[in-house]
Amino acid sequence: MAKLHITTWGCQMNEYDSSKMADLLNSTHGLELTDKPEEADILLLNTCSIREKAQEKVFSQLGRWKNWKKDKPDLIIGVGGCVASQEGEHIRERAPFVDIVFGPQTLHRLPEMINQIRSGDRAVVDISFPEIEKFDRLPEPKAEGPTAFVSIMEGCNKYCSFCVVPYTRGEEVSRPVDDVLFEIAQLAEQGVREVNLLGQNVNAYRGETFDGGICTFAELLRLVAAIDGIDRLRYTTSHPIEFTDDIIEVYRDTPELVSFLHLPIQSGADRVLTMMKRNHTALEYKAIIRKLRAVRPNIQISSDFIVGFPGETAEDFEQTMKIIEQVNFDMSFSFIYSARPGTPASDLPDDVSENEKKDRLAHLQQRINHQAMQFSRLMLGTEQRILVEGPSKKDIMELTGRTETNRVVNFIGTPNMIGKFVDIKITDVYSNSLRGEVIRTEDQMGLRIVESASSVIARTRKEDDLGVGKYAVNL
């Protein structure tokens with residue numbers, strides 16, 4: 001059987017896309033996925049352009065693959081993702097041995113591209129933006145454990161001055177709501193208990209309904225939570241200016257929606273937020289968090305931060321540190337600013353020294369880590385409900401799972417617990433994980449009421465004096 005290797009860099013959207021590529025090429029070409037690139041007949045590189053020197057990283061990797069192509073002339077090499085979308089034909093100008101260049105919105109055309117190369121075409125470059133077409137061409141989802149990612153939309157319309165996403169993934173396009181619900185229902189039938197909705201800006205979701213209407217993100221959350229078998233619901237990533245009150249109401253009355261939110265702010269200084277074109281203030285961000293905690297007091301908040309943005313002063317950075325303390329963030333993805341080619345911010349003078357950037361980043365991360373450890377210590381001795389994902393990476397004789405607030409917990413258990421919930425008493429706290437002992441299995445929780453088929457069939461419709469229908473069991 002021919003083999004496929006995919007190297008993936010970047011966000012969860014890229015991870016999701018890579019899994020779909022693997023499933024697609026398995027169904028169309030019988031390709032078996034391998035983690036050993038030297039064994040592969042097709043090599044795909046799914047790239048990310050968010051970080052500094054993304055392009056050079058790509059060509060460095062391609063240079064290693066070039067040597068294998070000399071020994072195996074029929075080897076097909078493809079480059080996809082956001083760097084491919086940015087660079088297009090320039091990739092082949094620097095690396096003419098690359099056979100296929102495709103963007104995030106054209107990965108569904110890979111089977112045809114591969115056939116073209118095998119038919120003798122020199123190269124194929126397709127980095128177009130065909131709306132949401134790719135989701136219509138992908139195979140049925142395959143569950144790999146009790147958790148799954150589902151993409152609900154692509155692209156972003158916000159055009160933050162530092163961000164390449166609108167240029168590499170296009171503007172916001174939402175999947176029809178029925179398509180999203182059908183994919184999640186299929187995953188639930190395969191044993192998925194937790195689903196994570198993906199998009200560059202998920203709370204801007206506006207999916208078309210079967211009757212031509214529009215489903216908002218808040219409505220989608222309620223619909224997904226109602227799918228039988230889905231007991232936990234997460235999403236990433238969202239934008240503060242789209243975080244409307246109807247979403248907050250879902251936190252009030254939908255227990256399936258976890259008490260964890262990743263809501264990027266990037267900076268705590270209004271002056272910097274304006275230069276970033278974030279279109280909100282620090283005060284408006286804090287107002288969202290205040291409303292959330294009014295309906296879900298135990299919710300944990302994580303965020304993204306960029307330090308050393310052009311023009312960021314020491315006072316601006318102190319404003320960021322201040323909001324970190326005020327919001328009491330539990331976690332963060334924080335980075336030193338680096339200009340992305342083609343973005344408005346790349347024209348600004350990069351006037352913060354590298355040493356200052358590094359100092360600020362270290363200071364920020366130290367503060368976040370301190371707060372995270374405080375949250376973890378508060379969990380010591382408490383009971384936490386864990387969705388068991390599988391064997392622990394640190395010790396295959398142990399199991400691992402996550403709390404509702406996204407904490408990793410390792411514990412001693414039995415294989416039949418995988419894919420189910422267990423209640424754990426937290427006994428130890430570490431920097432990146434917790435440890436505990438099982439005090440209750442899912443069978444002991446009474447999560448689901450088992451009802452015989454005959455009792456369901458026995459339900460009959462009865463009307464009251466007003467003609468209102470009710471279903472009751474004949475006794």
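Count begins at 1; order follows the chain as displayed.
Even glycines carry a Cβ here, placed using N, Cα and C.
Annotated in Swiss-Prot:
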- Cys11, Cys48, Cys82: [4Fe-4S] cluster 1 binding site (BINDING)
- Cys156, Cys160, Cys163: [4Fe-4S] cluster 2 binding site (BINDING)
- 2-119: domain 'MTTase N-terminal' (DOMAIN)
- 142-374: domain 'Radical SAM core' (DOMAIN)
- 377-440: domain 'TRAM' (DOMAIN)
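A separation of roughly 18 Å, to the nearest angstrom, links the Cα atoms of Cys160 ([4Fe-4S] cluster 2 binding site) and Cys11 ([4Fe-4S] cluster 1 binding site). Figure note: comparing Cβ neighbours within 10 Å for the binding-site residues Cys82, Cys163, the maximum is reached by Cys82. DSSP labels the residues of the domain 'TRAM' (377-440) in these numbers: 5 helix, 33 strand, 26 coil.
Taking a C-beta cut-off of under 8 Å and a sequence gap of six or more, Cys156 ([4Fe-4S] cluster 2 binding site) has these contacts in its own chain: Cys163, Val165, Pro166, Arg169, Glu171, Glu172, Gln200, Asn201, Ala204. Mean pLDDT for the domain 'Radical SAM core' (142-374) in the predicted structure: 96.
Neighbour count (other Cβ atoms within 10 Å of the Cβ, all protein chains): 19 for Cys48 ([4Fe-4S] cluster 1 binding site). Within 8 Å of the centroid of the Cβ atoms of Cys11, Cys48, Cys82, where the record puts [4Fe-4S] cluster 1, the same chain has further Cβ atoms from Trp9, Gly10, Met13, Asn14, Thr47, Ser49, Ile50, Gly81, Thr168.
Within 10 Å of the C-beta of Cys160 ([4Fe-4S] cluster 2 binding site) we count 21 further C-beta atoms, all protein chains included.
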